[in-house]
Amino acid sequence: MGPSGAGKSTLLDVLSGYRTTGVGGAIFINGRGRIMKKFKKMSCYIQQDDRLQGLLTVGENMTIAADLKLPTKMDKYEKGEVIEDILTNLGLYEHINTRGAQLSGGQRKRLSIALELINNPLVMFLDEPTTGLDSSSCTQVVQLCRSLAHQGRTIVCTIHQPSASLFAFFDQVYVLAAGNCLYQGTTRNLVPYVNEAGLPCPIYHNPADYIIELACGEYGEDKISVLRTKAENGKSLQWFDDHETIPTMEILRKRYPLSVMREQDSNTGEEETPQSNQRSVLIRRGFLKAKRDSTMTHLRLIVNVVVGLMLGTLFINAGNEGSRVLDNYNLLFAILMHHMMSPMMLTILTFPSEMSILLKEHFNRWYSLGSYYISITVVDLPISIISCAIFSVIVYLMSSQPLDIARFAMFFAISLYTVLVAQSFGLMIGAIFNVVNGTFLGPTLSVPMMMFAGFGVTLRDLPPYLAWGSYISYLRYGLEGYIGAIYGLDRPTLDCNQAKYCHYRYPRTFLKEIAMSPNMFWWDILALTVTLFVLRTAAFLLLKWKLRAVR
């Protein structure tokens with residue numbers, strides 16, 4: 001414990017292995033240098049903010065965690081027993097059907113602990129588990145930590161000014177001030193320690209409050225150096241009970257010989273369960289969330305229907321009328337804009353909130369990043385296909401495009417590709433930036449894409465020094481694909497019923513005017529496939545980099 005800015009959370013980050021950059025020194029476990037891979041198997045880290053899946057119930061959250069963390073050879077009844085046991089001990093069994101978003105602060109904290117207890121870690125790190133809770137919830141959480149510790153686990157947590165009764169629950173305390181240790185020993189010995197240091201604790205004063213006041217320098221900065229010298233900056237062990245029995249490094253190495261380590265080494269994999277199991281569990285969780293998620297699923301379908309009807313009404317019967325060819329061209333570009341902006345912005349806005357949960361679960365070895373990435377791709381595919389199909393059918397029929405199954409298939413393929421590429425673009429931005437920066441960057445980076453699509457300035461009229469831009473704009477391939485689908489395949493002369501003269505009633509004349517070839521469809525599909533693959537791979541690599549950079 002210590003005042004704000006003393007370095008409590010940083011120390012916990014370092015001890016748990018969460019913080020790896022800007023860290024010096026060595027950490028020993030049982031007398032030997034820490035091997036991170038092994039240590040992560042026997043420890044877990046529960047951060048200050050409760051990173052839970054709000055759309056899943058307590059029971060579903062626990063089942064998913066059990067499927068990811070317990071051996072696959074255990075059946076669902078054995079896993080159910082483990083879950084039931086943990087939830088009963090933590091007082092959450094009555095809330096088994098309550099969604100995560102509807103739990104109170106104390107219940108969320110206990111659920112965070114419950115999720116990590118499933119694979120029974122030996123060491124648990126908790127960052128400020130009592131922050132933001134009322135006194136009764138605080139007591140429940142600390143009592144829970146105490147009972148877990150007395151079952152043979154090591155529980156390390158940071159705490160901010162506990163009450164006297166809460167302070168008494170802890171066995172040992174390490175007091176920090178500006179990165180230095182002022183006291184290390186049992187909580188009972190704290191008062192005798194400050195008395196011996198010539199800084200007696202006033203009667204009826206909470207010892208925890210008093211040591212924090214000293215650490216803040218309220219009684220003078222010199223008192224901090226007095227305590228630091230007395231505690232030998234944490235090296236003095238005399239304030240522990242039976243400090244003579246604390247084993248040295250040498251004794252620890254003898255107690256845990258290398259032959260014992262060999263047995264622990266036999267289990268190699270980084271995560272608890274194989275990749276195939278991780279993928280199936282994460283896909284199941286993804287579909288469960290998608291079914292209940294109003295933004296990602298329901299709103300997305302509604303928006304596609306509404307925008308489809310609006311565009312269909314605005315450009316009604318424009319597809320087969322010779323005098324409205326330019327209107328139809330504008331419609332195709334408007335469809336392209338819709339397919340670019342909606343999925344991209346949706347991903348930019350929703351992915352950063354998933355990021356914090358991914359950080360926690362990935363660090364605590366629930367699953368690999370590859371499994372997670374494949375699962376979000378697979379889960380989103382059906383939703384993208386359904387919403388894109390609904391939109392395409394509405395717009396295609398209302399605007400009277402040629403009723404030919406081959407043309408519609410080409411139109412739909414280009415639409416779907418554009419949606420998937422835009423989504424990958426959004427994923428790249430969402431993986432690195434927060435919501436505010438992402439919302440600014442997404443549309444800004446889309447402007448050059450529109451500029452080089454060949455809509456305002458035809459591809460023929462682009463200056464030679466800017467011609468390269470049209471090859472990297474996926475909207476150019478989208479627009480060219482649409483033109484191929486609607487005006488290619490040797491389309492016959494259009495009707496001219498609404499005007500005396502229709503300049504573009506011959507599709508060839510129009511194609512020459514906009515400088516697009518109707519026979520490039522398969523090249524456009526190839527270009528969009530390559531773009532999709534490149535952007536998806538880039539998003540994965542950026543996500544991998546982000547997970548490292550945060551730490």
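Counting begins at 1 with the first residue displayed.
Cβ from N, Cα, C; glycine included.
Heads up, TrEMBL stuff is auto-annotated, nobody curated it.
Keep in mind it's a predicted model, so treat the numbers as computed, not measured.
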Per TrEMBL record, range annotated transmembrane segment [choices 160-179, 440-459]: 440-459
Contact ranking winner - 301-319, 372-397, 409-433, 440-459 against the transmembrane segment (331-351), Cβ under 8 Å: 409-433
Best-contacting stretch, by C-beta pairs under 8 Å, relative to the transmembrane segment (409-433) and drawn from 301-319, 372-397, 440-459: 372-397
Segment confidence, the domain 'ABC transporter' (1-203), expressed as mean pLDDT: 88
